[in-house]
């Protein structure tokens with residue numbers, strides 16, 4: 001029996017499937033496999049020689065407070081990204097969905113920060129957070145709340161929270177836009193029916209609109225979680241993970257080890273650890289959400 | 001006109017646009033993206049182009065710093081398409097690329113320009129690997145000076161301090177008058193550069209090199225004493241919230257009259273002057289206590305990757321021009337740094353540059369020219385030293401001090417096991 005189908009249509013299907021599978025293998029599977037292989041070697045990134053060291057790179061990492069700190073920071077970012085920008089985006093979308101005046105202008109204002117490149121976001125907030133004369137400190141002093149001003153990017157205890165503020169400003173526009181589009185796609189008759197039944201605005205939102213926003217919610221939460229795990233550019237542009245590793249996440253540590261310290265093997269071990277951590281944190285969510293969508297479609 | 005004829009016409013036009021004997025273009029990679037640094041590099045490239053009939057040199061900016069440049073170099077070198085030459089740090093950075101077989105030895109061009117004559121001994125030792133030159137210096141900056149706002153000092157009738165006791169008194173006077181005494185900035189470099197003053201005060205020149213070669217431990221009495229000296233004199237003098245500022249933001253604080261002093265590399269003088277804050281009139285400088293007759297410096301060099309013969313030959317022409325007195329001055333004057341070539345006439349500099357040049361010459365004669373320790377140490381150890389000193393500057397407690405010492409000593413032991421240290 002020949003493995004090549006006789007039907008011309010079937011052969012076309014195989015051909016069309018082969019292209020994405022080859023691309024997926026070349027640009028996704030192969031780099032992952034190469035990273036795993038590299039994580040078992042000692043290599044400075046420039047030498048023709050790579051020395052096999054087994055699991056030594058992993059052993060060195062997992063005993064380091066620096067690595068543990070970066071993992072915890074990543075988990076904190078996941079919790080933050082799933083709640084704050086998402087929550088604010090949902091609230092803004094719900095407010096604007098009520099048809100207030102200047103809706104178009106507000107839509108642009110809310111979404112505009114998301115169009116700014118990450119490096120520029122870092123530069124903007126580097127100045128916003130300047131601890132003596134920055135916009136935030138100056139504003140707090142002007143309204144008599146100077147006592148709340150902090151060493152925003154220089155205090156190891158608060159630098160991550162300060163960065164979260166910058167990222168919230170940057171990414172909320174995305175959540176807002178997806179939720180807003182979702183709200184506008186909810187059939188008007190559902191809202192009308194709830195209103196005729198005597199539901200308040202609050203009840204209509206939580207009992208009718210929000211459940212119908214599930215597809216939008218899945219997109220926003222899924223992308224937010226992935227963004228949190230691969231977060232790099234804003235932190236690198238703003239603090240480079242400092243002061244003294246306080247704001248470092250795994251992607252920043254990976255970059256520092258690879259190109260700041262010529263430790264490509266250990267950087268690959270960080271990359272593989274990040275991949276595993278992302279899979280553990282995000283895959284159950286994606287599986288659960290996918291099941292919920294399927295269930296909702298069945299219902 | 002049919003399709004074949006059209007294609008033939010286009011091909012003919014293309015050939016006509018590329019005359020025989022056209023000059024080849026060669027790339028010089030660097031990360032000077034703006035301001036005085038870019039002006040200096042552009043002037044040096046212009047000087048190189050003027051010196052070459054056969055090649056055109058083109059500067060390619062790699063945005064960021066040395067880390068981003070390394071990332072680009074990795075792709076280029078492994079892909080077999082490196083630039084003709086690139087901006088490199090000194091010492092261990094060169095060593096890593098040489099050990100990886102990526103750099104072309106510059107013995108020929110070094111001999112052509114009389115490198116052993118025109119560059120001071122302290123400079124030569126950080127561009128030669130096992131006696132072979134792999135980098136030609138063009139950008140030298142001292143990092144052991146403290147800059148001060150003259151108006152504030154005159155208002156408070158303060159003189160530049162010469163020892164740690166006078167330094168403490170100056171800090172106290174500035175603080176009492178409502179000024180931030182000493183600026184600093186966040187990141188792994190600036191606190192470390194400040195720390196060199198107490199370090200040299202304690203360990204001297206020989207101890208400094210012993211630390212660089214791994215012979216003196218981070219758990220030694222000397223290193224511990226240097227940390228104590230730093231915590232006693234400099235850390236309490238720092239401005240509030242220094243760790244949340246960039247060095248340019250702190251420089252602005254000096255210009256604005258909020259901060260009295262700022263210990264920074266001499267590039268800050270160029271930054272000040274670009275802001276209209278002039279050397280000798282608005283600001284002046286003095287060597288940090290403990291380094292009065294020394295010059296601690298860092299330096300960028302031109303390195304040439306292994307590559308096609310024509311690219312190497314072109315790079316050597318460029319480097320020969322860059323090492324000349326004209327080439328060195330072309331870069332150093334707009335950049336605000338020092339030309340490593342000792343034959344450059346000091347009169348090309350302004351007030352600040354002439355002062356730094358004199359300081360460097362005096363230190364050379366005294367045998368106290370010290371390369372930045374960050375670049376003498378194995379890259380991992382040097383980088384960690386910067387991170388740990390910043391950490392100690394933020395929290396100079398005994399507990400942090402112990403953790404700093406144990407972290408660094410563990411890395412030293414690991415580097416010793418791998419035979420990673422070098423005797424510079």
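Including glycine, each Cβ sits where the backbone N, Cα and C put it.
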Looking at A:75-96, A:229-250, I want to know which stretch TrEMBL calls transmembrane segment.
A:75-96
In TrEMBL, of the candidate ranges A:45-65, A:108-128, the one given as transmembrane segment runs A:108-128
Cβ pairs under 8 Å only, please: of the recorded stretches A:75-96, A:108-128, A:204-226, which one is richest in them relative to the transmembrane segment (A:158-183)?
A:75-96
Are the transmembrane segment (A:12-33) and the transmembrane segment (A:204-226) near each other by the rule of at least 3 C-beta pairs under 8 angstroms (pairs 6 or more apart)?
no
Short question: which residues 6 or more past the ends of the transmembrane segment (A:12-33) have a Cβ under 8 Å from it?
5, 275
